[in-house]
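Novice: Once you've had a glance at the structure underneath, I'll fire off some questions.
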Amino acid sequence: MDAPLLRTHTGLEVQVKRVSIQASPPGMVSSFVPFETESDDGTGLGGATLRRVDLWILPILGNLYTVSVIDRSNLGFARVAGMSHDLNLSAGSRNVVILCAFFIPYILLSLPSNIFLRKLGTPNWLAFCVVSWGLIQLGMAFITSWGTLAFCRFLLGVFEAGFLPGALFIITTWYTRHEVQQRIAVFYATSLVLGGFSAILEYDFTLLGGRYGIAGWRWIFIVEGALTIGLGLVSWHFVPDFPDQNKFLSTSETEAILSRVEKDRGDSLPDEFSTQKVLNHLSDWKIWAFGLMSFCAAIPTYAIGYFISNIELGMGWSKTAALLLCAPPYIFAAFTVLVFAWFSDRYQQRALTIAIGTVVAVAGLFFTGFAAHQGLKYAGIFLINAGSSGCIPGILAYVRLFIRFHSPYRN
């Protein structure tokens, strides 16, 4: 059968031959290309080209995801900085409603949002999402009631819903199965490192309080909203697309990327979309099992993200000390994420690293929740962040590996 031709955005035609894939068990593959070495898979792709792909894809997506994490979690510090008093958020269950308002559309719209990636183009869709939630973030600076805040959080969830699944989808299309977790880890660790310092920056933003008659907590949304909009506009020119639509590789490099992915898992060429395929995959119990795993791993990270400053204030530290102590657990977690990913890809052990991370996170929860000593409580935050954050890239990489090769609906 003749190999089909694909045309890139630059008009270059590449030829990729469909191959018969002998699926390996989910813990093992027949070949492995380390993160730091050159490819020897017979496609002619050198390590320099792979590093070029890394540098084009990971920094921009990692920074955009950092912005999304900061924009959804800055509510905690804004409350401490005076928003709770000004909007009377402590009355009834208003805080709970405001937090939940984000997650309803975020959950419901994550799946359908990926339909737009191919139809509109990845740069167009992801940049649109970033600019849109940046505008919502900026608008939150001028709200006067808790109901309006809840509505803005709902809209924030609408526009953020499309970014993470889209970014992860793009990353996984460029790499073989046991290169993926390290790339997702770099993507995720970027948000941990930069997001860890966000509380300190937000404290600095509140020092603008009183200028032009604007309260300090409102400056958090003004500055971060403006930065998000600016980054979204710039990213329109740099957000990566699917390999067969990329703008920065030559014909031979594009063909090599597509060929190695085809050789590894047989899905370098896009499948035709249909509602029936979606429904078939949704009926696969493994998707729901991985979803439950992701849910369990994400809960501790969100708890720390939203309430770390409140937890540390409850330990008896001053506001300044609590803010300064927010960053170290995130730095440690970023290091752990990278170590777990290297081990998982190098030794092809997804489940083991996920299990280790889970045990570490549970131990941290016990320390923070029940230890009498302040130092042990703070150490627990390190363990919670490290364990749960270390699991997330592994679960995301695991589902990509497992579902593709064990689903009866694979084309």
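From the backbone N, Cα and C atoms, a Cβ is placed for every residue, glycine too.
As annotated by TrEMBL, domain 'Major facilitator superfamily (MFS) profile' applies to 57-411. Annotation source TrEMBL lists transmembrane segment at 96-117, 124-148, 154-174, 186-205, 217-239, 287-309, 321-344, 351-372, 378-403.
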Novice: Using a cut-off of under 8 Å between C-beta atoms, tell me which stretch among 186-205, 321-344, 351-372 contacts the transmembrane segment (217-239) the most.
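Specialist: Highest pair count goes to 186-205.
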Novice: Could you check whether the transmembrane segment (287-309) packs against the transmembrane segment (351-372) - three or more CB pairs closer than 8 Å, residues at least 6 apart in sequence?
Specialist: yes
Novice: Between the transmembrane segment (154-174) and the transmembrane segment (321-344), do 3 or more CB pairs sit under 8 angstroms, pairs being 6 or more residues apart?
Specialist: no
Novice: Do we see three or more Cβ pairs under 8 Å linking the transmembrane segment (96-117) and the transmembrane segment (154-174), pairs being at least 6 apart in sequence?
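Specialist: Contact criterion met.
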Novice: Are there at least 3 C-beta pairs under 8 angstroms linking the transmembrane segment (378-403) and the transmembrane segment (186-205), leaving out pairs fewer than 6 apart in sequence?
Specialist: yes
Novice: Need one number: mean pLDDT over the domain 'Major facilitator superfamily (MFS) profile' (57-411).
Specialist: 85
